[in-house]
Every structure is written in structure tokens, then in C-alpha cells.
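Now, the feature entries from Swiss-Prot:
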type     : residues : note
COMPBIAS : 134-149  : compositional bias 'Polar residues'
DOMAIN   : 1-110    : domain 'Calponin-homology (CH)'
DOMAIN   : 152-211  : domain 'SH3'
DOMAIN   : 233-413  : domain 'DH'
DOMAIN   : 435-540  : domain 'PH'
REGION   : 109-149  : region 'Disordered'
Amino acid sequence: MNPEEQVVTWLISLGVLNSPKKIVDDPEEFLKTSLKDGTVLCKLIHRLLPGSAEKYCLEPKNEADCISNIQEFLRGCAVLKVELFEPHDLYSGEQFSKVLSTLTAVNKATEDQPSEGPCSHPSALSSAAGGAHTDSNSTASQSAKEMTENGSHQLVVKARFNFKQTNEDELSVNKGDIIYVTRVEEGGWWEGTLNGKTGWFPSNYVREIKSTDKPLSPKALKGLESTQLTKNYYPVVLQNILETERDYAKELQSLLGTYLRPLQSYDKLSAVDIASLLGNVEEISAFQQTLNQALEDVAKLPENQQRVGGCFMNLMAQFRSLYLTYCANHPSAVSVLTQHSDELEKFMESQGAANPGILILTTSLSKPFLRLDKYVTLLQELERHMEEAHADHEDVLKAITSFKSLVSQCQELRKRKQLELQILSESIQRWEGEDIKTMGNIIYMSQVMVQSGGSEEKEERYFLLFSNVLLMLSASPRMSGFIYQGRLPLTGMTLTKLEDAEGNEHMFEIAGNMMERITVSCSTSQDLHEWLEHLQRLTKGTCNTVSKTQSWSAHSTFGSTGQIRGPLEPPKILKPWSLSCLRPAPPLRPSAALSYKERMSYILKDSSKSPKTMKKFLPKRKTERKASDEEFVIRKSTAALEEDAQILKVIEAYCTGAGFQQALSSGSRKDSIPQVLLPEEEKIIIEETRSNGQTVTEEKSLVDTVYALKDEVKELKQENKRMKQCLEEELKSRKDLEKLVRRLLKQTDECSREETGRKSSLIA
């Protein structure tokens, strides 16, 4: 490997030179180009000797800037006592061999550095620095010696600036982080521990925390007795909580005083939009001032009487109320920021915000969420450095759990409110009736699983509760929108909470005179509680609790004494008990396996769904005998038609007579069972064309015919829906293709024009 390649490899390994994206054919030319402006050299000397090249131009624009950077590098190399080159030797590239010699000498002068810390504490470096650094080096050595002799005490520092690691053995720190220094060496690089990770960081990026007996974190001293360390480090963590709380309160005050309060008189936005941006920041700011003062008062007490966790728990109810309200409003504020970004950016910049001004407002409105997350981390750190016998230990654990729960609730609430806003602002497919915005505010919304009637199939639905109606939506197949699935009036609605035997389902049931029975499965117990609470309040009813098995049996058999019945349902007759009750019951007619209410709702109600569950309750019919050839004669004669008409008249008269008799008997004898038409037992003769083209006649029951027709209608609707969806997708694809073709044609036209222009210029 020649000297040029060695220097390139060295610079890349130190992280001061970016690795080339393709193979370099001429390393010397690559070095000349990379080092010409002096930026890489200044980074190099700052990497090797932190603080030696603090002022240099990152983006030199002229020769003077480049020469200045090179001179800054040469001044930093003076302490290494190596042969230097002239600045113009590098800038002009004429005497580049001298540049290589200097870089090689710098590499050799620093190659004795220990491998733990790159660019740090070389032994040769300390001797080369001369007498100017003798005092500082001896002080650092003395500090290192003291920490070695007394392992229970060490330097505790706080980061003044952000530092991002460039090598694996370095430590990334953020401003405000507390670092436990484990090793102090000459050269400006210290070793420390942060969040369980140990690495090197520049010493001029941190400041020492002024405190007596600064102990190591208990986790940094494995195998040592940590009780005393924990006790001594506790004040440092508490002080960090107070400082961050004080900073947060000041940020809220600044946000209100500088931007939000003046925004109230801004005439470019409506009062509703301004209210969405303000939210309850005023209340949160006042509350944080109260919390800050309470924590300050706690910190003044003796350590064994400090109840930081108790202070948080006393105010937890206010925390929950204020921050949940803020989270519920935040999606509306984001919507206003998006819709009026130009106006708000002008306003923010007029108030002194840096460009882009909208970014300041966006990040400021997100700080309450970040602060909630920070409380969990701060209290966990406090608990780690607190004795278990401390009077506040239990309250700190409770506060950690409470804040975790609050953070989770806030995240769920924000997602739900964002979804509500999306539903209200976008068009809903197959919507029926007046616009959704006229229904008022959404009281509650969540995603549930629904079972209709006695069906075993669960369907995913989005329930939206308004003041007088429960709206049902489903997600589109591509999750690009929502589809209208119906609405349930709250009038006459009854609720039943279902308790599953295994206890792993959160279910309730909705029923009523004007609706089909629906079983709803919630995702969590909290979601179930919210639905039952809101629905009971709006329906002004009560909620019964039954087991899941009892619920199904109650809907599939006749009711017991005192059971509420519908207006068309016959009363239940209680027979006195006798020995005859022990006899086997006679076989039920097929239709009697279903309750009266379900049979009538299936037959008489205009439903869009075929009651497949009824077929499950009915026993299979016996195999019908094969009809003779005489029965398959085509019936197209006038006599045959007249015969069919007579049969239909008989059925119609039977239905009318049964209904009339039921009306009379219900008026005179309320306890008697009215005559009920069982359409399943009534037969009709129909003509049907088989797949082979032959027309045959069959005898079918009325209920089977109705079901068959409903199934056919349902299939036709589904087919129509699929065709409509395919047509929409086809139209969308055609539009996308048209846009693509137009864009390609435009690009082709521009390329041809440029080519023509180049040819004409060459000819000229």
C-alpha cells in the first residue's frame, strides 16, 4: 500500500473523510481534491486534539477561506513537533509530497494512542505538549488517581452540548444528560457511563455537577455495596427532575406569551380554528406552575421526608383530566396547522420565530406528549436510586404505573380522535340520508366485531355514537376509506352484557323492536365499559348481565315467566305441573325449533340478509321421491294457469282468515294462542329451467321459495357491487396511466428540444 492509500485509509477510519462511493483510480488526486479546502484537515486535528481547531470554515467559498483552514490545521499540529508544509503547497497541489510527509508524521506521532479511545489521551501527546500543559495534565492525573483509589466516588458531569458518536467506542450524549465519568485522561477525551453504556466523549462538552461526594450510579458499580451510593446519588436525580420541570414550565409560558395569546387577535383565522390551536394550554401551564412549586417545596424537606411520588399521586387526577383533554383536541389543532400553514407561518415569523415559523408552533404543541413520556423515565431513575425502605418508594412505583397508563390512554385517544376527524372530513361510500356532519358531535367511537342475529360470522365494524343514533361503518377493501353499513336508533334499544365462561371476551348485546339482534365484541374491558356507560345514559335504560350460553338459549327457545315479549309475539301459557310433564315431549314441527319472533322477522321483515341460521335449526328434509315423467310436462296451457291461480287464492284466503281470526281471538281472549300461518308447510308449484334447458315443475314450500329469491337478490347485489368496484378501479387506473403517458411525453419532448438545441449550437 503506497503512502497516498495509507493516508486515505487512515482518514476514513477516523471518520473525518467520507468513504468514496466508487473505486478510486488515483488516490493522490482524490486526496488533493478532498484536502484542498482544509475542512478535512481541521476535522482531523480537532479529532486528534479536541479544542485545537475550534474556529474554521465548514463551507469555504473562496481561496482565503481555504488558506485559513489549512493554517488552522498547521497551528494545531505545532504541538506535535512534526515537519510542516506551506498552505499554498496543498492549495496549489504542486508540492503535495510535503503534505503527505506531514500527514504521515502526524499519524506516527499519534499511533501510540490506546485502542479504547480513538484520538484520545496519547502518551506521546502529553510529552509533546510541553510545559504549557503540565499543570492541567497533572490535575487530570491527580483526579484519575483519586477516582482509582476511592472507587465509591467519581466525577458526575452534565452535558452542555449534543455529541454524536462517530466510532463504536464513543458515547453519544444529548444536552442535559447526566454522565458518570469512569476515566479521566490527558488529551481532552474522558470515558463515562450513560444509560448502562460506556464510551468516550469530549471533556469540553460537559460541566461538572457541583455537589459534595458525587457517587457512582449503583448500576456502574457491580459487586460493590450500593446502599450508601444510592442514598448519595438520590439528590442528583431529584435535582434533575426539578430542573427539567422548571424548563418545561418556562417553555409553556413562553409559548403562551409569545405566540398563542397574540394569536387570539389574528384576523386571518376563525375563532373556532384559534380555539383549536389554543386548546387547554393555559390550564396546563397554570397546573405545571403549581406542580413545579410543589416539587420545590418537597425538595426543601429532609431526604427521609421527601414525598416526590406522593406529590405526583396527589395531582394525578388533574394530570389525567388536563392531558386527556389536550390529546382529544390535538388532532383538530394539527388539522388547522395543515389547512392554514401559510397564514400561521407568516404570523409566527412576525412574532420573531425563525424560518420556517410553522415548525416552531408544531413542535411546541407536541411538547406535552413528550413531557408525559419523560415523567416515566424520570421517576424510574428516581426509584432506582431510592432505598426500598424510603417512605416514598411505594408512591413512586404507583406514579410510574399511573403515568404509563396515562401515556397509553393518551395515545389511544389521539388515534381515535384522528380517525373521527378523518371520517367526518372524508366522503363515505354508499352513504344514505342526511350528511354525517348534521348528526352533531361524536360521543364515542371504537372498532368492534359484530355478529348479526344468530350468525356465527364476525364482521369488523366501526361504531360511531351520536346523541340519537348509533352509526355503523366498515373499512374499504384497500383501507382507503369507509363504507356505510347502517344505523341503529337509540329509541327502544335494550342492552345486555354477556359474560363469557372463559372470561376472555368483552361482549354486549343490542336488541330492540325496530332492529335485528346484534352481538358486539369489544377489544378491551375499558372499551366495553365506555360503550355500556354511554349507551345506558343515552337510552335511559339498564343493562342486564347474563352468561353467553344463556343469551343464545334465550333467543332460540321460548321464554320463561316474566320475559318481555314483542307486540306480535303470543303470550306464554304456563301449564300446572303433573305426572304428564315427565312424559317425553312430542317431536316439534320443523318451524317450531325457532322462536315465534325470529320466524316472523325472517318471513315478514324486509331484510337484506337471508337467515342462514334458520336452516341450521331445521332438520333435513327426507329425500323427495323422483317425479314421474308425467309430472314434468310443460304446463303452459290455460287450464294449468287457472289451476295455479286457484292455489294462490286458497293460500291468500288462508292467510287472511288466519290473520282475521288472530285479531278476533286476541281481542276476546288475551291468554289464548292466535292462529299463526306457518309458511314452511304451505306448498306451491313452480316452473324452473334446468341447466340443460329443460323446463320442469317442482313443488316447493313458500319459505324455501322466499329464501331462494332472497339469496338470488343478494347474489345479484354482490355481483353489481363487484362490477361497480372493478369499474371504479379501472377508471382510476386509466387516469393514472393517462397522467404517466402525459408526463413521459412531456419529458421526451423536453429531451428532444435539448438535443436539437445542442446540435444547433454545435453547427453554429
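Going from the start of the chain as shown, residues are counted 1 onward.
Backbone N, Cα and C define each Cβ position, glycine as well.
Mean per-residue pLDDT, taken over the domain 'Calponin-homology (CH)' (1-110), amounts to 79. Here the domain 'SH3' (152-211) has, by DSSP, the following mix of helix, strand and coil residues: 3 helix, 30 strand, 27 coil.
With helix defined as DSSP H, G or I and strand as E or B, the domain 'Calponin-homology (CH)' (1-110) counts 69 helix, 0 strand, 41 coil. Across the domain 'PH' (435-540), DSSP classifies residues as 19 helix, 52 strand, 35 coil.
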